[in-house]
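Notes to accompany the following structure.
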Amino acid sequence: MTVPAASNAPVAPAVSTRGIRRTLRLALPGLAGAALLAAPFGLDAFAVATLTLGLCHGLFAYGLDLSWGRAGLLSVGHAAFFGLGAYAVALAQEHHLPWTATVAAAVAAAVLIAVPVVRIGLAAPVPDAPLILLTIGVGLLLQRAATTLAPVTGGTNGLSVSGPDVVTSYYVTLGAVAAVVGACGVLLVRGRFGARLVAASRNPERAAQSGIDTTRVRTAAFAVSAAVAALAGALYAPVAGLVSPQVFGLGLSTSVLIWLALGGRESTVGPFAGAVAVTVGQQYLGSTWQGWYLLALAALFLLVVQVAPAGLTAAPRRWLAGPGPDVRLPSASRRAPYRTASESAGDRLPLAVTGIRKSFGPVEVLAGVDLTVEAGRCVCLIGPNGAGKSTFLNVVAGQLAPDAGTLRLFGADAAGLPVHRRVGLGVGRMFQIPSVVAELSPADNLRLARIEAPEPAEPPAEFRDLAEDELRPAGALPLADRRRLELAVVLASGPRLLLLDEPAAGLGPDDARRLTRELREVNRRTGCALLVVEHDMDIVRELADEVVVLAEGRVLARGPLDTVAADPAVRTAYLGAR
Amino acid sequence: MDVLLAILGQFGLYGLLTVGIAVIFAATRVVNLAQGDLAMTGAYVAATATAAPFGLRTLLALAAGAPLLLVVERLLLRRPGSDGLAAMLVTWGLGMALRQGAELLFTGTSRTVAVPVEGTLDVLGTPYPTYRLVCALTATAVIALVLLAAHRTDWGLRLRAVADNPAMAALLGTDPRRMRATAFTLGGLLAVLAGALYSPVLAVNPSMGFGLLVPVFFGLLLSRPGALATAAGAALLISTLSVLLRTWLSDTLAEALFYAVVVAIAALRSRPWIGRFSAWFRRTPAPASAA
């Protein structure tokens, strides 16, 4: 076996800059924290009030980042959630209610609105358009409600809110912001959840195939994002002193997009830096220049989206993080994988299907397929184009739901299970076009797979070069290496049944042979059963214990390759001979 | 009868904007979030150039809009490698800039535009303002013209080809970049026209675009990409819904119910069985069936 040396990766940088980076990485958060704590002692009251407002805005932007940045779900009406929090505090003061109860109710309302909104969005093939629409709609609706319910909300004039003095309110805000960011950091961003979110937002297909419930992960991130926005609104109300229907408005939703886009997504510093900088500028410019300032911001936003989509703080952050791809798994999730006891697959039949049918409209693609794959066997699925091979594989993997028939995986009825649950049963899948998380390094891809694995396995020695490749994104790998990485990722979760759709497609003869050998080796060493769709008869000959011929949605023949190839019915199906 | 007339009037406005946004979406796969703000721009041209007669002002708005749209497309939307979401954000930024520019030039207060055609007309026994009828009919005629162009001319064929499969259309000799530029300009101009035509009926202010964007966006969501007739149909559905709800209920309730109904339709559409049904209806083979 030829293993390419790891030396084709970029050369590691000199030790000295690495030392500086490490020191700065440790020192900068401490310095920033100290500066924030000391700020009221060196600044006048107006500056402190501005900074407080900036922090509220920053928390709002941080909340938006959880959905737009980290979950990849753009919301252009996030002020709806912010406004809920702001009105909660204002109404508590106006009507003498306990503010803890109203704020809790606002957070609950934000979550209750956010969950159906994001569910509808995620049900669409591309979630952007429905999400944009629904978030705008929610914002407009709440604004309208706040305007018309004048006896309760004060109508267009809004409600005035009194807060503590400037310095106290600064420290209260700072403390609350630190607490929320800390909690989100530990629970959502840094740990296993953060790793899942990275995968689910970038490559939902592969994430599901690694056993991640992508819809749940992204829904949770969006819901927390809405809750954080509501908390930011609650902090904002006493600082601003007035809550009017404008807080639901698209003006504020637009502003928060600008803060986040300028500051930089997928970071903790970015949203706060963007929000504080813009807020300070806005407060210190007189009202005469306000309009021009906003116009300039719009222009800057256009420029940043075009030229530096990662935001203005991206370059220094990247430098601090050291060499490597832009996107990495959160560091805390890299520690020892989290193990859950899984029921052993034992010797149960990996796959048993009977009478599987699947139609697309009037076209019946699968017309009652019966097939079993025994443990440790390698079954190759062949057949002419349009025979239903890929459809069948999609039904087994869970991408498509069969119209009729039973499907049992390791003895469990799996016909209605989602993809990630089937992965938990021990199913691994490789796609026709290798599917890895292209933005993460190969090493991070493997780590992610091990974090999620029910029975994590160390990558075999022949994948060592990939497991140590930290420096470039997986998308930059050549096709053959991406294919090997996908295999390594799938194997890391210790599957008992591996589904492959034309694994050698697009590979040269040498790479195809090498991959075939690796697959055979995997099958021999781990006893993992293989179900392979393949056209190349050389590969089939080398791999298959058994060949199944599919034609016109039915199993035409099964047995050793030579027997099958001699079958006159198979020859007719392939060659059209009569 | 007056309800029907109101629906027709509303349809003229929403239809122009929705067909415009659908043309842009077909060719570029970008949801133009500045559509409402382009209408606002058109309305302001009609509201400020009062020296000229109204028809001339509308033409002026179109003449001013065309180069602006071409420049925007050339400068902002043509960067290679920019994905759909980035382009959508660009249009959002464009809308923001237009809004802010209008606020600087004309302040935030609403203006009214003098109605160019006075008087009322008797339509089957129902009196109705003449101008509303004129602009509803003009808008409907323009929509019909665009639909006709999309289905009866070479340009329309190419547009539909690009909407369906840009790579294939390019291989067959349609320059997708030019198609994108013309489609963006045309779609934007429809919005400008809608704004100018309807300026005497609407309150003209910098943030009027938002109110227009939402129903138009709904219309796009309910239509099928590349099929402009479905966009016009969706606009008709939306105008009917909003007019009916408004005649029966108070504004807030009507708006809330409007969102609820359209969201329900959108959510239902994404259910698998509806998808299967409509896939069968369209007789397009599902991609996964290619083994």
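The backbone N, Cα and C atoms fix where each Cβ goes, glycine too.
Per TrEMBL, these features apply:
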DOMAIN    A:351-577  domain 'ABC transporter'
TRANSMEM  A:23-39  transmembrane segment
TRANSMEM  A:45-64  transmembrane segment
TRANSMEM  A:71-90  transmembrane segment
TRANSMEM  A:96-118  transmembrane segment
TRANSMEM  A:130-150  transmembrane segment
TRANSMEM  A:170-189  transmembrane segment
TRANSMEM  A:219-237  transmembrane segment
TRANSMEM  A:269-286  transmembrane segment
TRANSMEM  A:292-312  transmembrane segment
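Confidence annotation: the domain 'ABC transporter' (A:351-577) carries a mean pLDDT of 83 in the model. Counting C-beta pairs under 8 angstroms (sequence separation of 6 or more), the transmembrane segment (A:269-286) fails to reach the transmembrane segment (A:130-150), with fewer than 3 such pairs. Highlighted: of the candidate stretches A:23-39, A:45-64, A:71-90, A:96-118, A:130-150, A:45-64 has the greatest count of Cβ pairs under 8 Å to the transmembrane segment (A:170-189). Between the transmembrane segment (A:130-150) and the transmembrane segment (A:71-90), the number of CB pairs under 8 angstroms, six or more residues apart, is three or more, so the stretches are in contact. Same-chain neighbours of the transmembrane segment (A:45-64): 39, 75, 78, 81-82, 166-167, 169-170, 173-174, 176-177, 180-181, 184, 224-229, 231-233, 235-236, 239-240, 255-257, 259-260, 263, 268, 271-280, 283-284, counting only residues six or more beyond its ends whose CB sits under 8 Å from a CB of the stretch.
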